[in-house]
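Visitor: Following this message is one structure expressed as structure tokens.
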Amino acid sequence: MTLPLDLLDMPFARLGDRLGNPLRLLMVHAHPDDETTTTGATAALYAAETIDVYLVTCTRGERGEILDPEAQRVVDDAADGEQALGELRVRELAGAVTMLGIKGSRFLGGAGRWWDSGMAGEESNTDPRSLVAGDFQEQVDALAAAIREIRPQVLVTYDSRGGYGHPDHIRAHQLSLAAVDRAAETGGESESGGEGGGEGAEAWSVAKVYAAVVPFSILRSVARRLGSNGDSPFAPLAEALANGVPEDLIEIPYGVPDHLVTAQIDARDWLDAKTAAMRSHRSQMAADSWFFKLAASSDGGFGIEHFQLLRGTAGPLDDGFEADLFAGVRAVDDSDCEPDFGWLPEEEPAGGELF
């Protein structure tokens, strides 16, 4: 069997960590579509590199905004509209996961265990089924069990503000950090009374935890591009910038200051995969919306995704940023990790081309 030249040029060190474990990335998101809009290009990049990418979604997004007329009709005709929307979004997520090459996807505690809490201040925040009203330790134990099973070196979630302040995003941040700590503990029962790491699961220490973030400079760029007209939430920012208000005097309620960004993943070659996954989330993504058009454009910046290191040690930097979430974790030379070509086909396809 003849290996393609680009594979032969790939250093064996990219196949595992320094202990010989296969590289694995776990993303913890709040609702279906979050995995795509915030980390889709990065997920597709690592999946294409044959790194195992896993996803835990905390809710089915039962209370998300509906932007597709057909989806709205389905919900309106259902006896329980929120339940119907949740079931629809489960199917949409399955399509997006396929487009991004994600190896394993699950819902925290199982689909429907915890519900979308709605936006901050809404009555649904106190619904006993909602994520933010649920038992925190039970949620931590469920995620810790997933961490011990998957054994990722890198976990990606949100920052302490949840990106834009959604209660479920903030909760996902909180329980992710707590679950990382819980998963690293050896033995004992969980604080919620069960087996915290899954029956028979060994403790696992996640090497690096990141928050997916959007720097203020990107938000300003998007605002200037979209202008103050239309339905974009950036209209007030665009108007302030157009009126000459100094940037440091404009309060931006979402995103992070640029100096907090520690990693920048250039995944523009996988923007098509991200866009395809966005199309799968039809109920949430109107194809004629400003957001979809901007995300799908090659110069919209959505193929470069940004992260803030919350736990762990940064690896080597490239122009001031980590260019790889596994920097400092990957095996450093051929002797650290034996290559495994078991995923390659035994026979070459007709024509002599492997792919």
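The backbone N, Cα and C atoms fix where each Cβ goes, and this holds for glycine too.
Quantities reported herein were computed from a predicted structural model and do not represent experimental measurements.
Pasting the feature list from Swiss-Prot:
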type    : residues       : note
BINDING : H31, D34, H169 : Zn(2+) binding site
Visitor: Within the chain of H31 (Zn(2+) binding site), which residues six or more apart in sequence place their C-beta under 8 angstroms from its C-beta?
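Guide: The list for H31 (Zn(2+) binding site) reads T57, C58, T59, R60, G61, G64, R89, D116, D168, given in order along the sequence.
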Visitor: Provide the three-state secondary structure of H169 (Zn(2+) binding site) computed with DSSP.
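Guide: DSSP assigns H169 (Zn(2+) binding site) to helix.
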Visitor: What are the sequence-distant neighbours of D34 (Zn(2+) binding site), meaning same chain, six or more residues apart, C-beta distance under 8 angstroms?
Guide: T57, H169
Visitor: With the Zn(2+) site defined by H31, D34, H169, which remaining residues of that chain have Cβ atoms positioned within 8 Å of the Cβ centroid?
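Guide: Neighbours within 8 Å of the Cβ centroid, excluding H31, D34, H169: H29, A30, D33, T38, C58, G61, Y158, G163, H166, D168, A172.
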Visitor: Taking DSSP three-state, what's H31 (Zn(2+) binding site) in: helix, strand or coil?
Guide: coil
